[in-house]
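For reference, the structure is listed below as structure tokens.
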Amino acid sequence: MQAETKKIIQESLDALLENDLFLPDLTNRKQAFASLSAILSTPDKIHKSFLRVPLDDGSVVQIPSYRAQHNDAMGPYKGGIRFHESVNEEEVIKLAFLMTLKNALHKVPFGGGKGGIVINPREYSEKELNLISRKYVSYFVDVIGPDKDIPAPDMGSGEREMDWMMAEYKLVHPGTSYLGSFTGKSVVNGGSLGRREATGKGVYFTFRYLLHDYVKANKQLLTKSDNLFAKTTLELYNRPLKMAVQGFGNVGSVAALEAYHCHLINHKIIAVSDRNVTLYNENGLDIPALIEFTKTNRGDLPSTEEQLQSATIKAEIKERDCLVTLPVDVLLLAALENQIQKDNMKDVQARIIIEGANAPTAPEADQYLSEQGVVIIPDILANAGGVIVSYFEWLQGRETQFYDEAEVYRLLIDKMKETMDMILPQYYGDPFALRQNCFIHAVTRLSTVLYRQGKLY
Ligand code: NAD
């Protein structure tokens, strides 16, 4: 497993080892911690195969594909299937580990898993993608299922693929309960209302709660704290803020729309970017108009003057990668990994970074920016809305009783608020960055469960 993952585990275990309140009845702590470290740093299982798929032109491709199952102490493995040309074994293992921690942090009764299919989905026809999705299920059908491992969409896949995959699962397992085999399905096919928007809404909520609700209720406490992050939070509280959003897909566009409609914080989105372009407007961008445009342009933002004019959107076209270093107060990253790294970390001007994507801040940049007092709301905290509503979808599928949209959002926000209320008091009082705080909480919960299950000796 990658060095950075080992480091996360070691730091969390070191913090726990020093804490006498953690499992006081645990004898031989050193040995127990060694077994914990071994369990967390190794996935339970890795399944891999080549999907042999006939293409429209009659040729046959062999597509590498993976399913990593990291740990199921808290419940069935759970995690998306990424359709991307650069996905690989190491990446799915790391992402499966993060899913274990994310579920433990938010008390979602699932373990961690992740899948990958090494393709660029834009290069395949709908018929070919259908075959690829169904082949994936038929190859891995013995190791997935509603009580074993429940996949969901990830980068490059969506509800269409989940609908196809569930149909294949149903075909292979006739007569068994199948609605819980995949989440992120279309609503008509047993999906949950609100699932599509869940991650983006949750991402924005973590920011709003940290910078508005929590500060409002705890201003005195933060003022007394000499913690660097408390100072940054207070500096930005109740001030007009500029925000930039990287990535305008499922997560980025929904989070941007939430920000656009939220009047509790005085902010405007002055830049958004996607795989082609950055759009900039000092006075604030018209987010609803941009979303409308993407619906008719294969998900892409306008990238020419003609397109901007036809959609009556006022914006300056800039080079894609400039967004990260623009003069803004808040940066919401919702595209890819490693967008802030050694080369550009010193040029980042934002004082709050929200990680909608998984791992958009490389470890070195994370450390550097945290030392400068930048508040980084980490992926494991911010982007859990998807898996939380996936859990509600799984529950609804089991009960064949479906909630209305307002109920889904109420349950989602309750769950994220519960996690924030557990994390924030410690964050503003101790020397750890928010990411480390989240890891320590997640590892504590997971370790306690493993201990109670008799797996530490
Ligand atoms: P998506 O495919 O819907 O959107 C991705 C967006 O990023 C697109 O607008 C694309 O044009 C843009 N993009 C691609 N390369 C870029 C680049 N170099 N610079 C700027 N923009 C670029 O994906 P999504 O579902 O919105 O997921 C985004 C991220 O969030 C991924 O890292 C994903 O793993 C993570 N995530 C998603 C969910 C979810 O429920 N969708 C849940 C948790 C985490």
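Note that Cβ sites are derived from N, Cα and C of the backbone, with glycine treated the same way.
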Recorded substrate site member, picked from K78, K114, K127, that accompanies K102, S390 in TrEMBL: K78
Chain-internal residues, separated by at least six, CB under 8 A from K114 (active site, proton donor): Y66, R67, A68, H70, G79, G80, I81, R82, V92, I93, L95, A96, M99, D154
In three-state DSSP terms, the structure that D154 (site 'Important for catalysis') belongs to: coil
Residues close to substrate site centre defined by K78, K102, S390, Cβ within 8 Å: G79, M99, N103, V108, F110, G112, A152, A384, G386, V387, I388, Y391
Pairwise CA distance, S390 (substrate binding site) versus T199 (NAD(+) binding site), rounded so that it is a whole Å: 10
Recorded positions whose CB lies under 6 angstroms from ligand 1, from K78, K102, K114, T199, N250, S390: T199, N250
Number of Cβ atoms other than its own within 10 Å, given for T199 (NAD(+) binding site): 26
Max pairwise CA distance, angstrom, over record-listed substrate binders K78, K102, S390: 13
